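Scroll down for the structure; my scribbles are underneath it.
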Amino acid sequence: MQDTIFLKGMRFYGYHGALSAENEIGQIFKVDVTLKVDLAEAGRTDNVIDTVHYGEVFEEVKSIMEGKAVNLLEHLAERIANRINSQYNRVMETKVRITKENPPIPGHYDGVGIEIVRENK
């Protein structure tokens with residue numbers, strides 16, 4: 001089964017990071033979420049109750065990203081994946097990618113970040 005729902009390029013301002021400058025100044029974080037979901041029933045019925053409402057998923061991600069500051073992107077991603085997997089039994093797998101586009105690291109790059117994949121058990 002290859003069906004997915006994705007939320008790409010969500011942007012949130014937060015104060016996450018291991019460096020004190022990140023906690024004081026803050027920065028924009030880009031978040032992508034991909035959910036493995038069987039969409040066949042929703043395709044047949046045209047009813048939102050047969051799928052995962054991506055507006056609700058956005059609000060879940062927003063509450064974590066704009067909430068209490070943490071040190072690691074890995075921790076944020078785990079919280080997002082755990083929240084989605086616990087709230088939506090239709091989701092079989094959650095992939096979360098978080099990017100810092102302008103971290104306080106010298107050099108030239110488009111961004112740094114992490115990506116995790118967690119199965120819904």
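Yeah, the Cβs are placed from backbone N, Cα and C, and that goes for glycine too.
Noted in Swiss-Prot for the protein shown:
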type	residues	note
BINDING	Glu22, Tyr54, Leu73, Glu74	substrate binding site
ACT_SITE	Lys100	active site, proton donor/acceptor
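Rounded to a whole number, the C-alpha distance linking Glu74 (substrate binding site) with Lys100 (active site, proton donor/acceptor) is 12 angstrom. Neighbour count (other Cβ atoms within 10 Å of the Cβ, all protein chains): 24 for Leu73 (substrate binding site). Same-chain residues at least 6 positions away in sequence with a Cβ under 8 Å from that of Glu22 (substrate binding site) are, in sequence order, Tyr15, His16, Pro103, Pro104.
For the pair Tyr54 (substrate binding site) and Lys100 (active site, proton donor/acceptor), the Cα-Cα distance reads 23 Å. In sequence order, Gly17, Gln27, Phe29, Leu73, Gly111, Val112, Gly113 constitute the residues six or more apart from the residue listed as 'active site, proton donor/acceptor' in its chain with CB-CB distances below 8 Å. Counting every protein chain shown, 13 other Cβ atoms lie within 10 Å of the Cβ of Tyr54 (substrate binding site). A sphere of 10 angstroms centred on the C-beta of Glu74 (substrate binding site) encloses 13 other C-beta atoms.
Annotation note: the residue listed as 'active site, proton donor/acceptor' sits in a strand segment as assigned by DSSP.
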